[in-house]
Amino acid sequence: MANKHMSLSLFIVLLGLSCSLASGQVLFQGFNWESWKHNGGWYNFLMGKVDDIAAAGVTHVWLPPASQSVAEQGYMPGRLYDLDASKYGNKAQLKSLIGALHGKAVKAIADIVINHRTAERKDGRGIYCIFEGGTPDARLDWGPHMICRDDRPYPDGTGNRPTRTRADFGAAPDIDHLNPRVQKELVEWLNWLRTDDGFDGWRFDFAKGYSADVAKIYVDRSEPSFAVAEIWTSLAYGGDGKPNLNQDPHRQELVNWVNKVGGSGPATTFDFTTKGILNVAVEGELWRLRGTDGKAPGMIGWWPAKAVTFVDNHDTGSTQHMWPFPSDRVMQGYAYILTHPGNPCIFYDHFFDWGLKEEIDRLVSIRTRQGIHSESKLQIMEADADLYLAEIEGKVIVKLGPRYDVGHLIPEGFKVVAHGNDYAVWEKV
C-alpha cells in the first residue's frame with residue numbers, strides 16, 4: 001500500500017509540472033437555485049454585477065445551464081441548441097453578458113448537463129423518448145436507441161451505460177454516451193457553445209453518471225480552456241455520524257477522474273472531500289484539517305492544481321440546503337480556501353447577499369498580492385480542536401478557530417492584514 005501511494009504521489013507531481021492551467025485562478029458561481037425567478041432575467045441582472053466580480057480578482061464565472069429545460073433551473077434540458085427558452089434570459093442577453101465578462105478579462109464557464117436529457121414528445125407507446133435538438137435539421141434529434149438499455153423507466157433503449165457502476169439519474173432518460181452519434185453531436189454542440197456563444201470552458205453536471213473515458217472525448221474534442229466536473233459522492237462516515245479521519249478512497253475517486261480525462265490538460269474536479277471535512281472541522285474539530293500524512297486531508301493534499309475548492313454552491317447551500325456549510329462560520333471557510341492551494345470558487349450568495357463582499361474581497365486581494373496559487377506550498381503549523389494555523393508559500397499565515405493566544409506561534413516579520421469571526425490572516429512584511 002505504501003509503494004502504491006508513493007507511486008501515485010510521484011505520478012501526480014510529474015503531471016502537475018506539465019499542467020497547463022493558469023496558476024492564479026479564482027472562480028465565481030454566478031447564480032443560485034432561485035436566480036431563474038429574477039424579474040427582467042438573470043443574465044441582464046448579472047450584467048450589473050460584472051464590474052464588482054472582476055474587481056474582486058475573479059478569473060472565471062460559472063453561469064447556469066443555458067438550454068431550454070423542463071425544470072426552470074436548467075438541469076432537465078431538452079432542446080440543447082435552443083438558448084432562447086431559458087428562464088435566465090435569451091441567447092442575445094447571454095452573449096451580451098459573456099461579452100461584458102470578456103471585456104473585463106473574465107472567462108465564462110457553461111454548465112453542461114449531458115448525463116440525461118428530457119424528450120420533446122412521446123412515441124407510439126406513450127413513452128417520452130423522442131428528442132428534439134432545437135434546430136431545423138436533425139442534429140440532436142434522437143430516439144429510444146440513444147437511451148441506456150438499463151434505464152428501466154424508458155424501455156427499448158439499446159445503449160449501455162459506459163460504466164455500469166456509475167450513478168443513475170431517475171428523473172430523465174440516461175443518455176448512451178458510447179453511441180458514436182451521441183458523441184459526435186454533443187461535441188459539435190460544445191464547440192458551437194464555444195465559437196458561436198463565447199463560452200470558454202465547461203462545468204460538467206452529474207459527471208459521475210458517465211465514465212471519465214467519455215468525458216475525455218468531450219474535453220479533448222471541444223478544447224475548453226478550463227473544465228471542472230461535479231463528482232459528488234458520499235464521504236465515509238463513522239457510527240457517530242461524522243466523517244472518518246481517512247477519506248483517501250473519496251479523494252482517490254476525484255484524482256482518478258482527472259487522470260483518465262487528462263492530467264496535463266484543463267480538467268479539474270470540485271474538491272468535495274475538502275468541502276465535507278471543512279464543514280465539520282469548523283464546528284470545534286479543526287484537528288481534522290491535518291491528515292494522517294501531515295498534509296491537507298482533501299484533494300488539495302494530493303493534487304491541488306486539479307482541485308476546485310468551495311464553501312457552498314446552488315445544491316449544498318442556497319435554498320436547497322442539501323449539505324450546507326455552518327452559516328455562522330462561512331468566513332472561516334473562505335479564509336481557508338482563499339489562502340490555500342487549489343482553485344477556490346466563490347458562491348454568489350455569500351458575496352452579494354450575505355454582506356461578506358468586503359471580507360472576501362480582502363482575502364482574494366491577499367491571495368493575488370502574495371502570488372498564492374493552486375500549487376502553493378502549504379505547511380500546517382497547528383491543528384487542534386480550537387486552532388488551525390498554516391503557512392502558505394512562506395508569505396501568508398492563516399488562523400481558524402476561537403483561540404487567540406497564538407502570538408508566540410507567529411514568526412517575526414508578519415503582520416495581521418485580515419480578521420473576522422474566528423479567523424485571521426497574516427502577511428509577510
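Here the Cβ of each residue, glycine as well, is placed from N, Cα and C on the backbone.
In Swiss-Prot this protein carries:
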{"type": "ACT_SITE", "residues": "D205", "note": "active site, nucleophile"}
{"type": "BINDING", "residues": "68-70, 75-76, 203-208, W232, S234, Q252, K295, 301-303, H314, Q320, K399, 404-406, 416-422, W426", "note": "substrate binding site"}
{"type": "BINDING", "residues": "E132, T135, D137, D141", "note": "Ca(2+) 2 binding site"}
{"type": "BINDING", "residues": "D151, D168, F169, A172, D174", "note": "Ca(2+) 3 binding site"}
{"type": "SITE", "residues": "D315", "note": "site 'Transition state stabilizer'"}
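Positions of the features from Swiss-Prot, shown on the structure.
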residue	record	DSSP class
Q68	substrate binding site	coil
M76	substrate binding site	coil
T135	Ca(2+) 2 binding site	coil
D141	Ca(2+) 2 binding site	coil
D151	Ca(2+) 3 binding site	coil
F206	substrate binding site	coil
S234	substrate binding site	coil
W302	substrate binding site	coil
V416	substrate binding site	strand
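Annotation: no binding-site residues among D151, A172, W302, K399 have CA atoms within 10 angstroms of the CA of D205 (active site, nucleophile).
Most Cβ neighbours within 10 Å among the binding-site residues A172, V416: this distinction goes to A172. The Ca(2+) 2 site, placed at the center of the C-beta atoms of E132, T135, D137, D141, has further neighbours from the same chain whose C-beta lies within 8 angstroms: Y81, G133, G134, P136, A138, R139, L140. The secondary structure of K399 (substrate binding site), as reduced to three states from DSSP, is extended strand. In this structure, D174 (Ca(2+) 3 binding site) is part of a beta strand by DSSP. Restricting the binding-site residues Q68, M76, T135 to those with a CA within 10 Å of the CA of A172 (Ca(2+) 3 binding site) leaves M76, listed by sequence position. Note: the CA-CA distance between F206 (substrate binding site) and D174 (Ca(2+) 3 binding site) rounds to 11 Å. Put simply, of the binding-site residues M76, E132, T135, the one whose Cα is nearest the Cα of D315 (site 'Transition state stabilizer') is M76.
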